[in-house]
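Quick one: this structure, given as structure tokens, is what I'll be asking you about.
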Amino acid sequence: MDSSTWSPATTATTEPLKPHERIRNAADISVIVIYFVVVMAVGLWAMCSTNRGTVGGFFLAGRSMVWWPVGASLFASNIGSGHFVGLAGTGAAAGIATGGFEWNALIWVVVLGWLFVPIYIKAGVVTMPEYLRKRFGGKRIQVYLSILSLMLYIFTKISADIFSGAIFITLALGLDLYLAIFLLLAITGLYTITGGLAAVIYTDTLQTAIMLVGSFILTGFAFHEVGGYDAFMEKYMNAIPTVISDGNITIKKECYTPRADSFHIFRDPLKGDLPWPGLTFGLSILALWYWCTDQVIVQRCLSAKNMSHVKAGCVMCGYFKLLPMFVIVMPGMISRVLYTEKIACTVPSECEKYCGTKVGCSNIAYPTLVVELMPNGLRGLMLSVMLASLMSSLTSIFNSASTLFTMDVYTKIRKRASEKELMIAGRLFILVLIGISIAWVPIVQSAQSGQLFDYIQSVTSYLGPPIAAVFLLAIFCKRVNEEGAFWGLVIGCMIGLARMITEFAYGTGSCVEPSNCPTIICGVHYLYFAIILFVISIIIVLVVSLFTKPIPDVHLYRLCWSLRNSKEERIDLDAEEEDIQEAPEETIEIEVPEEKKGCFRRTYDLFCGLDQQKGPKMTKEEEAAMKLKMTDTSEKPLWRTVVNINGIILLTVAVFCHAYFA
């Protein structure tokens, strides 16, 4: 069967929003409704059965989570709808190399669980900027990093997820774009606001199962349709569109033919679209930032009940990260084989006809596969998968962003805020994030360029390396001080912003219409730029630190690797300020009799976790015991051995996969 003339693709691509492409049958609608009912039921169960009335309960799930929901939540938080659209789209356009982004994580989840999380737990922190404040003292690094992280969440993570989710919804349902996005964000925000981190982790666990089952089913259908793996490799290399000219314009051959190295991860260091030194070292820097210092990821690990559960969750996530190559990237490539004219289009007028944008339609590879290939019922399941990935990713971002705002920004504005006030502030900030997200949709929509995955990774390459450098040195080099860390962050981010603003001002371009950005600025691949920026940031941090006063060890016990097992009492650099903040205004709340609350008010308080049923006030000994539990990193010898062996196996699997597909 000639892939380029396959009849369903031909009939379906002329009008993406025809009724026969939309989900209008009872089977699909029933599956979607059942999915939403189950997700809301799980969220409500978590709301009723977990402690959400304290900052520790809402933001860290009371440090009570076991390993398997932690691992599932790590995976679901990472795999958003941007992966289904971006990974599959880049796979359709350029082959399997983009799967290397997923496999690189196998190494860094081990680094996270074994090296970074023990320090964070011993430090007794809730957020990553809070760790830097304890490590270096002062407020400017904490506030600077919090605001930078919130900007990154809004303009990369949230915008990318909403954009990619919108592509799928528009293609499959034909609903009004803004109505669909508003409903998704409303439901997402609802169980994030009401349930806290426990609800997020439990719903993530459910949605991980949905994603994996649905993705495996679609992968089976796709490989069956294409004729197996060997036929897939052969047909992909011949998946060339027939329309390659428009009037006097003839597209260059390299713009529409599959790459000769499509089935290799490691590519030419100078001419490759993902050069192997960049994929090996540059990507590792981005992974260090994302997996070891990003609030969304680390917060899941901090919620685990002990270190063995942290490590087991990281290993579980690592094994899950093996799958996207086979259930997202390769199905995206198969979509190019089955619907070549649509997915591999290069002539601007043809692309605009198929997907509404002139630069290419690779982003719709996975959604097209779902709409065209899946039977009734299963198509609804796959829509649920996309909704699950979108919502789980957004809930993770909303919860972690509200944590950052509440603990690192709001407490600087309201130093004596009560526990209840902090809880309300965190929930209201989620509403603000939802509002900004909806307002950002038209900008993302107008910037549709077919370069979604590259856009996300390039922005990360420009802003992430200085943060990665500061955290790495903060933990493994105790000589680094506040001045070095601050100026390393500021100068590094200024360099990254200069490159980013220049590149986006000129436009990233495409194969058909290359960018006019000067080679000296934009000619360096973004993964190579990440390496350069990381090295510059490290040099600045070290040089400034060596020429300024060091931090005494008494302030660093259990905050850096060399002093991680110290038993001495640590004097925090901002201890006096913390003493002031630890005096919440609780006396006002005690004066309000519980009986005077009406039925509506009691229901509202229960719904939002603001009931705060007060038990007896904790004694000094009980507070010390609670603090000891929250900062305990001890492990039982048997389980420590089990997770260590699994960590070694995971690293071995990572090396094998890279070598096999090199």
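First residue shown is number 1, and so on along the chain.
Each Cβ is built from the backbone N, Cα and C atoms, and glycine gets one as well.
Pasting the relevant annotations from Swiss-Prot:
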- CYS255-CYS608: disulfide bond (DISULFID)
- CYS255-CYS511: disulfide bond (DISULFID)
- CYS345-CYS351: disulfide bond (DISULFID)
- CYS355-CYS361: disulfide bond (DISULFID)
- CYS517-CYS522: disulfide bond (DISULFID)
- ASN248: N-linked glycosylation site (CARBOHYD)
- THR587: phosphothreonine (MOD_RES)
- 1-24: topological domain 'Extracellular' (TOPO_DOM)
- 48-66: topological domain 'Cytoplasmic' (TOPO_DOM)
- 91-95: topological domain 'Extracellular' (TOPO_DOM)
- 118-139: topological domain 'Cytoplasmic' (TOPO_DOM)
- 170-176: topological domain 'Extracellular' (TOPO_DOM)
- 194-202: topological domain 'Cytoplasmic' (TOPO_DOM)
- 222-275: topological domain 'Extracellular' (TOPO_DOM)
- 296-309: topological domain 'Cytoplasmic' (TOPO_DOM)
- 332-375: topological domain 'Extracellular' (TOPO_DOM)
- 407-422: topological domain 'Cytoplasmic' (TOPO_DOM)
- 445-451: topological domain 'Extracellular' (TOPO_DOM)
- 478-481: topological domain 'Cytoplasmic' (TOPO_DOM)
- 505-525: topological domain 'Extracellular' (TOPO_DOM)
- 548-642: topological domain 'Cytoplasmic' (TOPO_DOM)
- 25-47: transmembrane segment (TRANSMEM)
- 67-90: transmembrane segment (TRANSMEM)
- 96-117: transmembrane segment (TRANSMEM)
- 140-169: transmembrane segment (TRANSMEM)
- 177-193: transmembrane segment (TRANSMEM)
- 203-221: transmembrane segment (TRANSMEM)
- 310-331: transmembrane segment (TRANSMEM)
- 376-406: transmembrane segment (TRANSMEM)
- 452-477: transmembrane segment (TRANSMEM)
- 482-504: transmembrane segment (TRANSMEM)
- 526-547: transmembrane segment (TRANSMEM)
- 643-660: transmembrane segment (TRANSMEM)
Establish whether the number of Cβ pairs under 8 Å between the transmembrane segment (643-660) and the transmembrane segment (310-331) reaches at least three, counting only pairs separated by 6 or more residues.
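Per Cβ check, the transmembrane segment (643-660) touches the transmembrane segment (310-331).
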Based on Cβ pairs under 8 Å, which of the stretches 96-117, 140-169, 203-221, 452-477, 482-504 lies most in contact with the transmembrane segment (310-331)?
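The listed stretch sharing the most Cβ pairs with the transmembrane segment (310-331) is 96-117.
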Can you tell which of CYS255, CYS351, CYS355, CYS517, CYS522 has the least company, meaning the fewest other C-beta atoms within 10 angstroms of its C-beta, among these disulfide-bonded residues?
CYS255
Nearest of the recorded positions to CYS355 (disulfide bond) by CA-CA distance, picking from ASN248, CYS511, CYS517, CYS522?
CYS511
Any idea what DSSP makes of CYS511 (disulfide bond), helix, strand or coil?
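It is coil.
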Mind checking which residues reach the topological domain 'Cytoplasmic' (296-309)? Cβ under 8 Å, same chain, six or more beyond either end.
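Distant contacts of the topological domain 'Cytoplasmic' (296-309): 59-67, 70, 73-74, 77-78, 112-113, 116-118, 120-121, 125-128, 157, 197-198, 201, 290, 396-397, 399-400, 403, 632-636, 639-640, 642-643.
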Averaged over the whole of the topological domain 'Extracellular' (332-375), what is the pLDDT?
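It averages 86.
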Sort out the sequence-distant neighbours of CYS345 (disulfide bond) for me: same chain, 6+ apart, CB within less than 8 Å of its CB, listed by position.
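In sequence order, PRO241, VAL243, CYS351, TYR354, GLY360, CYS361 meet the Cβ cut-off.
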Which listed range (67-90, 203-221, 376-406, 482-504) shows the maximal number of Cβ pairs under 8 Å with respect to the transmembrane segment (140-169)?
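Selected stretch: 376-406, with the most Cβ pairs under 8 Å.
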Short question: which residues 6 or more past the ends of the topological domain 'Cytoplasmic' (118-139) have a Cβ under 8 Å from it?
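Contacts of the topological domain 'Cytoplasmic' (118-139) (Cβ under 8 Å, skipping residues fewer than 6 from its ends): 55-56, 59-60, 145-146, 149, 293-295, 298-299, 301-302, 307, 310, 403-404, 407-408, 412, 470-471, 474-475, 481-482, 485-486, 551, 555-556, 558-561, 564, 572-574, 627, 630-633.
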According to DSSP, how is the topological domain 'Cytoplasmic' (407-422) divided among helix, strand and coil residues?
11 helix, 0 strand, 5 coil
Rounded to a whole angstrom, what is the C-alpha distance between CYS522 (disulfide bond) and CYS511 (disulfide bond)?
15
